[in-house]
Every structure is written in C-alpha cells, then in structure tokens.
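Student: Heads up, here are the entries from Swiss-Prot:
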- GLY117, PRO118, SER119, GLY120, THR121, GLY122, LYS123, SER124: ATP binding site (BINDING)
- 85-336: domain 'ABC transporter' (DOMAIN)
- 1-46: transit peptide (TRANSIT)
Amino acid sequence: MLSLSCSSSSSSLLPPSLHYHGSSSVQSIVVPRRSLISFRRKVSCCCIAPPQNLDNDATKFDSLTKSGGGMCKERGLENDSDVLIECRDVYKSFGEKHILKGVSFKIRHGEAVGVIGPSGTGKSTILKIMAGLLAPDKGEVYIRGKKRAGLISDEEISGLRIGLVFQSAALFDSLSVRENVGFLLYERSKMSENQISELVTQTLAAVGLKGVENRLPSELSGGMKKRVALARSLIFDTTKEVIEPEVLLYDEPTAGLDPIASTVVEDLIRSVHMTDEDAVGKPGKIASYLVVTHQHSTIQRAVDRLLFLYEGKIVWQGMTHEFTTSTNPIVQQFATGSLDGPIRY
C-alpha cells in the first residue's frame, strides 16, 4: 500500500528502482536496507473507514455524457462540503496517445465507488492522478476544496490523506511480513518495536492472517499478499492524538485471484470499512474508498456507486444495482461480455 499524505512532503513507499515522473523532472527512488532509506515524501498508514449505503431510489444515469460530474447534482445535493476529492475536466496523454479526455467527478465522504470500463481507458491513470503520482496535462484536482497543482509534494494540503493499493501487492521481497506491514511505523513513528510488532499481529489478524509475521512475501500466495497489502493500508501510529481521514484507492485488488480468494478480499475491503473502527477496536476515521476493477463480483460486493470510463471519458454513472439493467449500449456490452457492441479490441 502506498499511502500518500497531503499535509507535507517526504518520500513515497515505492518498490526498488521504480521511477515516477514529476511535473518538471524524473525522480528515481531506490529502496536499500531499512536503516538507509531517505524520505522525501510523507507516507502514512491509517484505518480506512466505511462506505455509505446510498439511497435505493437514486437517479438512473443511462444517457451518454461527456463528463462524470453531476451524480449528486442529479440527486439534488447542492452542498459540496462533504466532497473529499474532485477531478475537474482532467486530461492526460502519454506521447501521442490520449488517455483521459475531460474526466470530471466527485468522491464524497462515506462513499464506496467503483471505476469500471474496458482495458486501456485510463482507470489506473486517473487513480494515480488522484493519488498525486501523476500530474494532469490539463484540468484540476481538488482535495477538500483546495486546488492541488501537479504532484502531491508540490504543495501542502492538510486535512486528508490519500492511500493507493497497487494492482500488485508491492511488498518488499527482502523484508518479512511484519516489516512490510509495519514499515512506516518502524521508520517514522516513536512507537517501540514491541508496540509495532503487537499492532502488526493484531492488524494481520483483522484481515484473516495469523502466524505469518516472519514469512517472506515469496512464501505467500497471491491472495495472502493482497491481504498483507490491505493490512499495511490499515495500520497507523496509535500514539497520535489526531488522525486525519483517508481516502483509499484500490487498483484492481482482486486481479489474478481465483473466485474464492477474490471473494475473501472483496469482503475484507467491505467489512473493514463497515466496522468503523481500526484493527485494535478503536474508533476509526470515516472516509471513502474507490476501487478500479474489471470483476463483476467486485462490483456487486465491494462498491455502491459506479463510474464507467470509455475512451478517456466517463460515459455512464449510477448505482451498483443499476449496472445490469442499464440501457446504455456500452454498459450493456460490458455487463454481458458480448462481442457485439461499441467496445472493440
């Protein structure tokens, strides 16, 4: 889990030798042994909070639109005080390939949102832009009403943390499960090693893993690695008096898993958020989460509201129960898996 704080600047938790592009230069982070790590971007872990069960009488969104803004407007909600993240008319290209073409939407407090659509339509790209790993070529990203320019380290925005769980678990191969889950606490907190070790054990138990603390990632199955990454997203410094709310972004959390393992991960995502408390039973910080997925089971089990990305635009949005009954031809084809329709490969 890569958890990025909007409140200050330090290093991100990235796999060894992974490069990311800033707005003006390319930076490279190489992760050596734990004691030698240099932080440039603040990375933080915390408990993620429950989604909101939205109304069953939500307005249907069956017409094609150029942007994704407006779900709450359609429902008559004019107050934006509960908006945590907003993307306004976001564009992004890589070379000659235009990935995002004017994407707009809002993530509100307490929501569980799914981003779906065919491969190559910009789902992971918009996730990285929201997390601050990529800067949009055009358009704006607002964090709790404050405009963020460029990458997350370009300016300080307090009041919200944004976590990103990569499609791969992004665990450090040379570190044990205990060291992976408690990584930031060992490096950045004032907690003792015994305190961290106990908290890691409790957090792993909360995601259904016991007795794996001393194992290496290579000794775990794919599903277990996903759960370790989830545990890393839930753990936080319990000695702090104030913990800011967090929005957690999942990039295909069930990719590569069998149906049963997928169900375990989906239910963990939902149940951990629904408890409204952290791994050790203390009150949690209610926020929101967003899941990028291709899996129908994830759509049905883990999210309440859907955004459909196609050719770089949000062409449909609605509630989960509307997905299979939509008259939108693009959504119909995606829902049924038919080869006949607008989506071509």
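Glycine residues also receive a Cβ, built from the backbone N, Cα and C atoms like all the rest.
As the structure is a computational prediction, the values presented were derived from the model and not from experiment.
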Student: Let me make sure I understand the structure: which of the binding-site residues listed (THR121, SER124) has the fewest other Cβ atoms within 10 A of its Cβ?
Tutor: SER124
Student: Could you work out which of the binding-site residues (GLY117, PRO118, GLY120) has its C-beta surrounded by the smallest number of other C-beta atoms within 10 A?
Tutor: GLY120
Student: Specify the count of other C-beta atoms within 10 Å of the C-beta of SER119 (ATP binding site).
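Tutor: Summing over all protein chains shown, SER119 (ATP binding site) has 9 other Cβ atoms within 10 Å.
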Student: For the ATP site given as GLY117, PRO118, SER119, GLY120, THR121, GLY122, LYS123, SER124, which other residues of the same chain have their Cβ within 8 Å of the site's Cβ centre?
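Tutor: Apart from GLY117, PRO118, SER119, GLY120, THR121, GLY122, LYS123, SER124, the close residues are LEU309.
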Student: In sequence order, what residues of the same chain, 6+ apart, have a Cβ less than 8 Å from the Cβ of GLY122 (ATP binding site)?
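Tutor: Expected: LYS92, ILE99, LEU100, VAL103, LEU309, GLY312.
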Student: For the domain 'ABC transporter' (85-336), what's the model's average pLDDT?
Tutor: 85
Student: Is it possible to get the count of other C-beta atoms within 10 angstroms of the C-beta of LYS123 (ATP binding site)?
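Tutor: A 10 Å sphere around the Cβ of LYS123 (ATP binding site) contains 24 other Cβ atoms.
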